[in-house]
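Visitor: Heads up, here are the entries from Swiss-Prot:
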ACT_SITE  ASP247  active site, proton acceptor
ACT_SITE  LYS269  active site, proton donor
BINDING   GLU22, VAL23, LYS43, GLU44  NAD(+) binding site
BINDING   PRO224, GLY300, GLY301, ASP302, ILE305, MET382, GLY411  S-adenosyl-L-methionine binding site
MOD_RES   SER128  phosphoserine
REGION    1-203  region 'Precorrin-2 dehydrogenase /sirohydrochlorin ferrochelatase'
REGION    215-473  region 'Uroporphyrinogen-III C-methyltransferase'
Amino acid sequence: MNYLPIFIDLKSKNVLVIGAGEVGLNKIRILLRAKAKVNVIAKELCSEVKLLLRDQKINWLSKNFDLIYLNKIFLVVSATNDIKLNQYIFKKCNERCVLVNIVDDKLKCSFIFPSIIDRSPLIVAISSGGTAPVLLRLLREKIEAILPNKLGDVAKIAGKWRLAIKKHFSNFLERRKFWEKLFHSIFVEHILNGNKEQAINVLKKNMNQNISLTGEIILVGAGPGDSGLLTLRGLQVLQQADVVLYDYLVSEDILDLIRRDAKRICVGKRVGLKNITQNEIIKLLIFFAQKGKKVVRLKGGDPFIFGRGSEEIEAAKDAGIHFQVVPGITSAIGIAAYTGIPLTHRKYSQGVIFITGHKCIDGFLNNWSILSDPSYTLVVYMGTLKAVYIAQKLITFGRSKLTPIAIIVQGTTIHQKVIVGCLGEIEKIIPFAATPSLLIIGDVVHLHKKLAWFQSENILKKIKNKFSTLTFI
């Protein structure tokens, strides 16, 4: 983030605009809308700026800039085409810690003006940091179309009743749930239709209803990595959560979608580190839910595929806590799609089997004859550490050493890496694979080179000379 978006109260503050042509006029108008005291320095005033001066909405200080005019100024905008003057103004403002914007020169700006969607008191500001003004304009048009013109009236009425609601509901959670319920009710529609009296009646009626503080636990599948693969329902739940317990595999892009004031707790497990136990995770879920919180358990992929999600909602059920499950795109499905490897194919595979590498030990996973069937694609979650063992078992039970394999690291993300090789050479390949990774075994991997569409790095391009049987790459 190159710029921190903040909203500044300019009411009655002295600001200085240097230049009073068309560009300067646009900045003056914005500053006047923010109720700032606008002072102008310009050799000439355009006709519309002259009207503002006549109506005493601005103050014309001088035709020429002087350092004395920076005294007691909160913010400066320079809208001139004088490069030397702009450089001088920028330097002197920085020396005085005065906010300055040199129009159309973002390297000489301590702040920039965003594109504004005004539904006062509701304000939406967006910016591309000066990199893509046309894209910014298109986004503004889309947002303008989404937000009704009278949406500001909704905020105004809510503001007038805010203190009364605070007195009526002393508990913060009660207040938040009241407002959430109200804004999802016909209250908003009444205001947008101009029926403010009916809207107030709805508000009063909701005030007299009991607010339930019953907590709940929601399992949410975050998908395989790309934040665009999070479901719409998953996004809605993250925006409503009070507490989010998340795995370390969940990407930062998805974590950024969580409601800003929600409590976030990482409960992920990592090899070689001291980890929170599953029992401790369950205790945390129940603890927060029993306090009336909406608790989200955010898990990579899908919560019911090797995710112990069932154990967590069993505990919720036993504790009498309401729960729900929001499925996610499981890693095998998402990553295979992003690497151009169809898990089933009429020519290569009649089915697919999912297993986890953590349980590949004799006595627990003992159906190797089925797993070795070449007519099935085998997908191994968390298989890096046991990859050599798995390959040996599959070969022992009849799978060809030339069976193609793909190891995918950080699948569906911009850091996705793909290693393609043969089952018999996995011992040479696996050192180049980071953990965690997904292992796909089967003839469908033949299609990777042809069908790969998402840009990723093929690690073996760098080390291909070490292998003898990579003819299918």
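Note that Cβ sites are derived from N, Cα and C of the backbone, with glycine treated the same way.
Thinking about packing and proximity, how do these listed features fit into the structure?
Guide: In the three-state DSSP reading, ASP247 (active site, proton acceptor) counts as coil.
Remark: LYS269 (active site, proton donor) has ASP247, TYR248, ASN275, ILE276 as non-local neighbours, by Cβ distance under 8 Å and separation of at least 6 in sequence.
Under a cutoff of 8 A between CB atoms, and with a sequence separation of 6+ in the same chain, the neighbours of LYS43 (NAD(+) binding site) are LYS63, ASN64.
Every protein chain considered, the tally of other Cβ atoms within 10 Å of the Cβ of MET382 (S-adenosyl-L-methionine binding site) stands at 20.
With a cut-off of 8 Å between CB atoms and residues at least 6 apart in sequence, the same chain places LEU135, LEU136 near SER128 (phosphoserine), listed in sequence order.
Taking the region 'Precorrin-2 dehydrogenase /sirohydrochlorin ferrochelatase' (1-203) as a whole, pLDDT averages 95 in the prediction.
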Visitor: DSSP secondary structure for GLY301 (S-adenosyl-L-methionine binding site), reduced to helix/strand/coil, please.
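Guide: Looking at the DSSP assignment, GLY301 (S-adenosyl-L-methionine binding site) belongs to a strand.
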Visitor: Which one is it, among the binding-site residues GLY300, GLY301, ILE305, MET382, GLY411, that lies nearest to GLU22 (NAD(+) binding site) by Cα separation?
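Guide: So, of the listed binding-site residues, the one sitting closest to GLU22 (NAD(+) binding site) is GLY411.
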Visitor: According to DSSP, which kind of secondary structure is VAL23 (NAD(+) binding site) found in, if we only use helix, strand and coil?
Guide: helix
Visitor: Can you give me the Cα-Cα distance between ILE305 (S-adenosyl-L-methionine binding site) and VAL23 (NAD(+) binding site) in Å, rounded to a whole number?
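Guide: With the alpha carbons as reference points, the distance is 58 Å.
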Visitor: Where's the emptiest Cβ shell within 10 Å among the binding-site residues VAL23, ILE305?
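Guide: Comparing Cβ neighbours within 10 Å for the binding-site residues VAL23, ILE305, VAL23 has the fewest.
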